[in-house]
Amino acid sequence: MATLLPPPKRKKLLHPITETPTSLPFLSSPNIVVQFLSDDDGSLIAPPVSVPTNLTREALEILVNELKKPKDEEPVPFSFHVTLPDKVAPSLPTGSPTRVVISRSIETDVLGHVSGAFSTEDVLAIRCTPQSVFRVRIATRCSSTLSGHSSPILCASFSPTGNLLATGSGDNTVRLWNLDTETPSFTLVGHKGWVLCVEWEAMERKLASGGHDGHVRLWDPNSGKPIGDALRGHSKWITSLAWEPIHFNPTAPRLASSSKDGTVRIWSTLSRRTEYTLGGHTASVNVVKWGGGGLNVKGIGKSGVLYTASSDQTVRVWDADVVCCLVFLFEMTSLMFRPGIQGRVLYILKDHAHWVTTLALNTDFVLRTGPFDHLGRKPATSEEAQQLAKARYDAILRTTPELLISGSDDHTLFLWAPLGASSSPNPTATSNSSPKTKPLARLTGHQRQISHVVFSPDGRLAASGSWDNSVRLWDMSVKQERGIDGEGVMGKFVATLRGHVGAVYRLAWSADSRMIVSASKDSTLKIWDLKTYKMRMDLPGHSDEVYCVDFVADKVVSGGRDKVVKIWKN
């Protein structure tokens, strides 16, 4: 058999380059003229500048800091957005965001927006919003499921420092939980009916609870023991509680309680007696808030103001100071004088057409946390606590008065500034003829009753939850000057957050105002990202409706009909 030889090796062929390859064209981005506006008041940060459209968000932040800050200041984190023109917004799908957030670059996010409302020929008005210098981590998992309550959890609240947690239940008890070990600390027994609300004093020295039995009770969180007997006076159940702000009374703040009986009582925690009763409402008082009274507002006492919302379709504003009056007593032949104590109504706000069920103040967060901030500083004395709390309160009101937003079963919300910025209130104003009793804005869009409304910690946004399964965001910053885009309306709709398949019961903001968590009838919690207006995290785990939620640091607590408390962490 013949041997087959292997084929010869192929010779290497040189392939000379016959033509030079054409170099890829350099894709240069066009420039656009932008104007940076402060989101606080609409003022100009710098003259118009021309920048490349592919400038990233991080580069925009560096540029704004160089234009805005003195050389000795630290850089401030900013978020940037452009408002869609009013003529373009109606052409978008219902509930679409009215803001275009710049998360990548102007070219990608603004010029490439689906509306096609912007071009390089425009002078682009970019609104700059200062962000918190700290960032809250998103909760991604359930770290603990705490059992112990034998009935649904009706209320839950973190303490101002976030070290303690209180929950109230239909089993007539309040429970305190240690968040370091995530175990129960104390069971507070004393109420003879459902515990409907719990509220921490801003210095974390006392806890107040209100129940279906009409009693208000004070507790020592360090020992779990009651402070005296119950505060009795209401004839029906307690609907909400509010403590006097620390910057008014750092040593022994008073407590306000609202009730189904149509009254609000102001309690002295020292004498354990009612100082005075506010009895102007003709139906159940659903919410009471103790506000700071604004800055340099004449005619307001040294204890701030009280805001009350009622089923008589009105919101009332009261002076929280003690007012002395003369009571004449005829005894035989002599006329005697005795000092009496009462509250003073400042305004009656009458625009709602149904029960007013929820209130929120743009100062709620700083009033609730008092002297405690993200730095973890603890005041050594009451005077130091008062100064820190006052400084935090004043910082919120540098560009805006104390704002109030009310939500009702008439499917609408109203934005109010009843104290204004510096004018003197008229104690006799009881009709809509007074400019102080007219709303700044009427917020419409929800299709069913409003269940909860809450301001962001920085006071720039408000979120409302409704029985229509949605959360809506509203712009609450004061636009004193109109920008190039013509946008200058307070209470303007920002976006609708959709994802729940049941009514949204409660809302809570993260301390950095970058996220919001919602609790729903559909047994889930959802965390929403305020940069994209989309759901960031879905937290299933409850087996029934979720009635309450709170957010502190990087922890979320929730409770509901399944009788368990869940703590969520990163």
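Cβ from N, Cα, C; glycine included.
What TrEMBL says about a protein is an automatic prediction, not a curated fact.
The feature domain 'NLE' is assigned by TrEMBL to 32-82. Within the model, the domain 'NLE' (32-82) shows a mean pLDDT value of 83, rounded to a whole number.
Under the heading repeat 'WD', TrEMBL lists 146-187 (among others). Beyond its flanks by at least six residues, the repeat 'WD' (146-187) meets 193-200, 202-204, 207, 209, 211, 219, 221, 223-224, 368-370, 372, 376, 378, 547-553, 555, 557-567 of its own chain at Cβ-Cβ distances under 8 Å.
Feature annotation from TrEMBL assigns repeat 'WD' to 188-229 (among others). Outside the repeat 'WD' (188-229), and at least 6 residues removed from its termini, the chain residues within Cβ reach (under 8 Å) are 151, 154-161, 163-164, 166-170, 172-176, 235-243, 245-246, 250, 253, 255, 257, 259, 261, 267, 269, 272, 367-372, 385, 389.
Annotation comment: TrEMBL describes 231-277 (among others) as repeat 'WD'.
According to TrEMBL, the feature repeat 'WD' maps to 278-319 (among others). Non-local neighbours of the repeat 'WD' (278-319) in the same chain are 236, 239-245, 247-249, 254, 256-266, 343-350, 352-361, 363-364, 367, 393-394, 397, 401-402, 404, 406, 408, 416, 418-425, 427; each lies 6+ residues outside the stretch with a CB under 8 Å from one of its CB atoms.
According to TrEMBL, the feature repeat 'WD' maps to 443-477 (among others). Long-range contacts of the repeat 'WD' (443-477) within the same chain: residues 39-41, 95, 129, 132, 357-366, 396, 399-400, 403, 405-409, 411-415, 490-498, 500-513, 516, 518, 520, 522, 528, 530, 533, each at least 6 residues beyond the stretch ends and with a Cβ under 8 Å from a Cβ of the stretch.
For the repeat 'WD' (497-538), same-chain residues at least 6 beyond its ends with a Cβ under 8 Å from one of its own Cβ atoms are 79, 95, 97, 101, 103, 131-132, 134-136, 138-140, 365, 374, 448, 451-458, 460-461, 463-473, 544-553, 556, 558, 560, 562, 568. Per TrEMBL, repeat 'WD' is recorded for 497-538 (among others).
Long-range contacts of the repeat 'WD' (539-570) within the same chain: residues 136-158, 162, 165, 167, 169, 175, 177, 179, 182, 502, 505-511, 515, 517-527, each at least 6 residues beyond the stretch ends and with a Cβ under 8 Å from a Cβ of the stretch. Annotation comment: TrEMBL describes 539-570 (among others) as repeat 'WD'.
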Can you break down the domain 'NLE' (32-82) into helix, strand and coil residue counts using DSSP?
12 helix, 18 strand, 21 coil
With helix taken as DSSP H, G or I, strand as E or B and everything else coil, how many residues of the repeat 'WD' (278-319) land in each class?
0 helix, 19 strand, 23 coil
